[in-house]
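See structure below.
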Amino acid sequence: MNGRADFREPNAQVSRPIPDIGGGYIPTEEEWRLFAECHEECFWFRSVPLAATSMLITQGLISKGILSSHPKYGSIPKLLFACIVGYFAGKLSYVKTCQEKFKKLENSPLGEALRSGELRRSSPPGHYTQKPKFDSNVSGQSSFGTSPAADNIEKEALPRYEPIPFSASMNESTPTGITDHIAQGPEPNLEESPKRKGVTYEELRSKNRESYGVTLPHKTDPSVRPMQERVPKKEVKVNKYGDTWDE
């Protein structure tokens, strides 16, 4: 042990580092030879045939009147354009074949880069990602034995976990730490409820009459008026001095 704990999972697949191929990369002799071979084959087997075919097709379309020729230069501009298009189309079509040749080339950084890129595209995500190394290098050099100070730091950093009793997990009404319960009011006293008397409709009606009679002025029933009000008064005569007499 050298004071550093380095844990790795067994059978972990670690990808080989991809060679750095930038703008200043200098190809090897084998790569230069393969470049020249690809250029020659691309020119004779792809660019020339496609350029000639494009020019023949363009000339046939001009002869049939489908394409119009230039009034001064005739069909030369369109034939040149068809030749250029066919030439570059042939070069693009040979790129895949040239890449396959470089992949088969041994001891070639360029071929290794092409193979690694193809494997990364074809493999599922995370297949070639390196497994994290568990280095206990947080507080300087560490070994399998940890100090009490490091244990205290780890305990403070980690969140505290309070286990819930088994009986609480079986009870659905026990709160689980989430404040989603609904506050309930105080339960009614069950002992006082039987003591209350039931109020009938007649009692309520009589109480309403009493309260209504207090708020209104007292009115007497015409049938209970005194008898003297019902008896018509006798007509009396009054003299000029205010004296009255009956006839």
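Each position is counted from 1, following the chain as shown.
Keep in mind that glycine also has a Cβ here, set from the backbone N, Cα and C atoms.
Here the structure is a predicted model, which means the values were calculated and not measured.
For 1-112, the entry in Swiss-Prot reads domain 'OCIA'. The annotation phosphoserine is assigned in Swiss-Prot to S108, S116, S123, S193. Here Swiss-Prot flags 113-153, 167-230 as region 'Disordered'. What Swiss-Prot lists as compositional bias 'Polar residues' is 136-146, 168-177. The compositional bias 'Basic and acidic residues' annotation in Swiss-Prot covers 192-210, 218-230.
Looking only at other Cβ atoms within 10 Å, the busiest spot among the modified residues S108, S116 turns out to be S108. Cα of S116 (phosphoserine) to Cα of S108 (phosphoserine): a span of 12 Å.
Confidence in the domain 'OCIA' (1-112), given as mean pLDDT, stands at 84.
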